[in-house]
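Peer 1: Per Swiss-Prot, the feature disulfide bond maps to C29-C51, C34-C47, C38-C53. The feature signal peptide is assigned by Swiss-Prot to 1-16, with sequence analysis given as support.
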Amino acid sequence: MHSSVFILILFSLAVINPIFFDMKVEAGCMKEYCAGQCRGKVSQDYCLKHCKCIPRFI
C-alpha cells in the first residue's frame, strides 16, 4: 500500500512539476541564476537575454 502511494506521489510530481515550472519560466528567471549560467560565455548578452531556468531534481 505504501509503495503505491509513494509511486503515485512521484508520478504526480514528475507530471505537475514541469507544467508548474514552465509557468515560472515565462515570468523570467532569477538574475543570479542566469548570471551563473552565462558566466564565461562569449555571447554573454545573448545568453542572458535567452536564459531559461532548468529545474533541478533533488
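Even glycines carry a Cβ here, placed using N, Cα and C.
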Peer 1: Select one residue from C47, C51: among these disulfide-bonded residues, choose the one with the most other Cβ atoms within 10 Å of its Cβ.
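Peer 2: The residue with the most neighbouring Cβ atoms within 10 Å is C51.
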Peer 1: Between C38 (disulfide bond) and C47 (disulfide bond), what is the CA-CA distance rounded to a whole number of Å?
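Peer 2: The separation of the Cα atoms works out to 6 Å.
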Peer 1: So if I measure Cβ to Cβ from C34 (disulfide bond) and keep only same-chain residues at least 6 apart in sequence, which ones fall under 8 Å?
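Peer 2: Listed in sequence order: C47, L48, C51.
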